[in-house]
Amino acid sequence: MAAALCCGLLDYKTEKFALTRNRRVGLLHRLLQLAVLGYLLGWVLVVRRGYQDTDAAPHVSVITKMKGVSVTRSKDASSRLWDVVDYASPPQGENVVFLVTNFIATAKQAQGTCPESPSVLDGMCTEDVDCPVGNPVVHGNGIKTGKCVMFNATHSTCEIYGWCPVENNTLPRKPLLAEAENFTLFIKNTVNFTKFNFSKGNTLQTNDSTYFKSCTYDPFFNPSCPVFRIGDVVEAAGETFGDLALLGGSISIRIEWNCDLDQPSARCQPQYSFILVDRRYNFRTASYYWDSQRRPYRSLMKLYGIRFDISVHGQAGKFSIIPAAVSFGTGIAFFGAATVVCDLVLLYLDTQADFYWKEKFEEAKPPKGKTEAAADPQWADQDIRNAQ
């Protein structure tokens, strides 16, 4: 037993090539080779550019500017001019900018006592005991004074101490800044792939000082212009401006850089996509002032608008010997795997698997001496065939 084990450990196996006339296995072999070749050429080399070293973490810079002017008119026929300082927050932003499209104004509020709004459930009452002194109104506008007073002819509410009159909650039927559809958003973006010491911006290099004042982004006719019309952005996100401007919303602007640095740098251009994230967005702000008697007042604004979130993603690739060698080695391994699969089919699944097994695996022995050959019928038959 030990002797047989030692002999087995000292055996040497070498490959034997056998040509088989099996069309099914031959066809399978060629199909597998074509699949591997298509994968390497199409996916690894062309699509994934497996011969390149990559940098998928660029340093980015984003600067935004909004342009446009609008005029709104209130119920008392007074008008107000809105420019970028009024409707954009911040006026010169980075990767987030907010555009006012609608608002509810509550003018000349002063600190004092007044009835709570009937729209606040905790402020409703029928008598004074429903309004405990000192309790804040839940989701309301002030502190209860202990009195139940008439808000109007049909509703009675708790009297509160707060900014009076309470906030107006009547929403306009149409967005007050409808002209914002034609406002423009300028996005200046620069990416720096530090691994390759390569920087690129999305602004066109031109000597025409009026170019950015007259161009508007179009994905087909003007893809190099970084000035975006607000109405076009909303439409590209799958929404109509009038519907989104009424109650506000949030839009994601995604800038994608996919740069092949083996090609001229002019081919490294950003791709823009626009996604509607939310259909409601608003917040409150106030401006404070004092009258001639130094009494404080404020004008409360509930602003509805569109929030633009700008994100930048990118990847750059450049030829490198190590990724190229890895891709080449992977291709050789896949070609070898195709042969292994065909061998398994031939030796285990084919109807003549036993025949192919005997032809592929053969034990080779050196010729024996004449005495041993004569005693061994197998070698005797071999000698007879050789003599013939």
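Backbone N, Cα and C atoms are what each Cβ position is placed from, and that goes for glycine too.
Partner cysteine of Cys158, as given in TrEMBL, is Cys131 (from among Cys114, Cys131, disulfide bond).
In the disulfide annotation of TrEMBL, Cys148 is paired with Cys125 out of the candidates Cys125, Cys164.
Fewest Cβ neighbours within 10 Å among the disulfide-bonded residues Cys114, Cys268: that distinction goes to Cys268. For Lys67 (ATP binding site), the nearest of the disulfide-bonded residues Cys125, Cys164, Cys268 in terms of C-alpha separation is Cys268. Note on the recorded positions Met66, Cys158, Cys215, Cys259: the fewest other CB atoms within 10 A surround the CB of Cys215.
For Asn282 (ATP binding site), the nearest neighbour among the listed disulfide-bonded residues (Cys148, Cys158, Cys215), judged by C-alpha distance, is Cys158. If you compare every pair of Cα atoms in Lys65, Met66, Lys67, Thr184, Asn282, Phe283, Arg284, Lys302, the residues listed for ATP, the longest distance is 24 angstrom. Closest to Lys302 (ATP binding site) in space, going by CA atoms and restricting to the disulfide-bonded residues Cys131, Cys148, Cys164, Cys225, Cys268, is Cys164.
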